[in-house]
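Here is the structure we will look at, set down as structure tokens.
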Amino acid sequence: MAYRQLFNVALQNSRRSFASSAGHSAHGESSKTWRNAFYIVGLPVVGLVYYNAFYLMPQHPERPEFVPYPHLRIRNRPYPWGDGDHTLFHNKYYNATSKGYDEGSEDLNPAKHHH
Amino acid sequence: MRQPFHLVEFSPWPLLISFSIFSMPIGLINYIRSSSISLLILGLFTTALISFLWWRDVVRESTYQGFHNKLVMKGLKIGIMLFILSEVCFFFAFFWAYFHSSLAPSVEIGAIWPPTGIFTLQAFQVPLLNTSVLLLSGVSITWVHHSIEEGNYKSAMQGLFITILLGLYFLMLQYGEYSETMFSISDGIYGSCFFMATGFHGTHVAVGATFLIVCFFRLKNFHFNKNHHIGFLAAAWYWHFVDVVWLFLYVSIYWWGSFQNSLTLKHWFCNSTMIFFWKKNNSNFKKSIMGNMCMIKDMYWELFMETL
């Protein structure tokens, strides 16, 4: 019967939270509290984090030199698409194939296309 | 419904979806090994179709037939809890793989984490924005929940719309991140762990957003009331679960996993051990150690510059 007690405890907890929020609803205020938390606290914080991510932090670093490490760019069998050497989210500037960076990709740094 | 069991209608979907789910991994393996994609597409399509039909049936049972009495509601809640528990186990496995490989990094990857030659994403750039967006969506979905329980239709619609937008924004940001990573899924254990964990998390966000969109249209059509909104409750629990998984991913993979300049005695010990083995003169091995040493030099330089 232990499992039954466990389920009952879990359900009582959910019922209790249910009941307490229903109790609040008599005053009709708890959704306003959460809506205010969203608009007054949440949105400005996310705005700041957005500003930090796109305007304060460094964007689009230079790519590292290609080194044919044996533990990277593993191709046990070719990918079933394309030439079998480019990954699904292949970035011409940042991602090398097993043979190295694609030819003519040195000037494709996304930072250069911003201005 | 005058019997004490959780029985609603006979349903063909559990059996049929088992077949279609099974054909997805088989189809994926077939695609990878023999470049034939048809079984994978069939599996994905039939799974999506059966999910749609199954959900439609549950909505009908609940909203139009009124079969969801107290007992059935209880059963559904237990079912959702157990489902989320199984999802916890699913993600636990990926975290296990990640910590197994990162806490004692093997010699083959340079005995450091992130591995030699891996340049991680900046944790305090877009990943932090992703974290805040998901946390904000957790606030807005709670706002929706309270609105539904108060019977405030308009407020609930607004909040749910915003929550869906935040979920879609998260997916957009993740796509942007994926297309600018300096590593790929085939870059050894780091790439495998990173893309396995974050990729499955992303698909879960997509499923959660779909669930919320379904709830949005059900809310619009007055399917929910103050004390009977199990469909929304399930979507909210699922959404919170996906949110919590992201917090763990963020802290352990994006943040802790990018401590390139937090050199400790452990790292020096590993490297001195490796220099000892270097005398084996394996050229590949030599190359990877050289890379490792260069990186450690660079890390110390960065650390030095940061302290200035």
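Backbone N, Cα and C define each Cβ position, glycine as well.
Note that this is a predicted model, so its numbers are computed, not measured.
What TrEMBL records for B:1-258 is domain 'Heme-copper oxidase subunit III family profile'.
What TrEMBL lists as transmembrane segment is B:12-31 (among others). Within its own chain, the transmembrane segment (B:12-31) has Cβ neighbours under 8 Å at 37-44, 46-47, 50-51, 53-54, 57, counting only residues six or more beyond its boundaries.
The transmembrane segment annotation in TrEMBL covers B:37-55 (among others). Cβ atoms under 8 Å from those of the transmembrane segment (B:37-55) belong to residues 11, 13, 16-17, 19-24, 26-28, 30-31, 214 of the same chain, restricted to positions at least 6 beyond its ends.
Residues 6, 68, 192-193, 196-197, 200-201, 204, 230, 233-234, 237-238, 241, 245, 248, 252-253, 257 of the same chain lie 6+ residues outside the transmembrane segment (B:76-99) yet bring a C-beta within less than 8 angstroms of a C-beta in it. Taken from TrEMBL, the feature transmembrane segment covers B:76-99 (among others).
According to TrEMBL, the transmembrane segment annotation covers B:119-144 (among others).
Residues annotated as transmembrane segment in TrEMBL: B:156-176 (among others).
Residues of the same chain lying 6 or more positions beyond the ends of the transmembrane segment (B:188-217) and with a Cβ under 8 Å from any Cβ of it are 55, 87, 90-91, 94-95, 97-98, 101-102, 109, 113-115, 118, 141, 157, 160-161, 163-164, 167-168, 170-171, 174, 224, 231-232, 234-235, 238-239, 242, 245-246, 249, 253. According to TrEMBL, the transmembrane segment annotation covers B:188-217 (among others).
Marked as transmembrane segment by TrEMBL: B:237-257 (among others).
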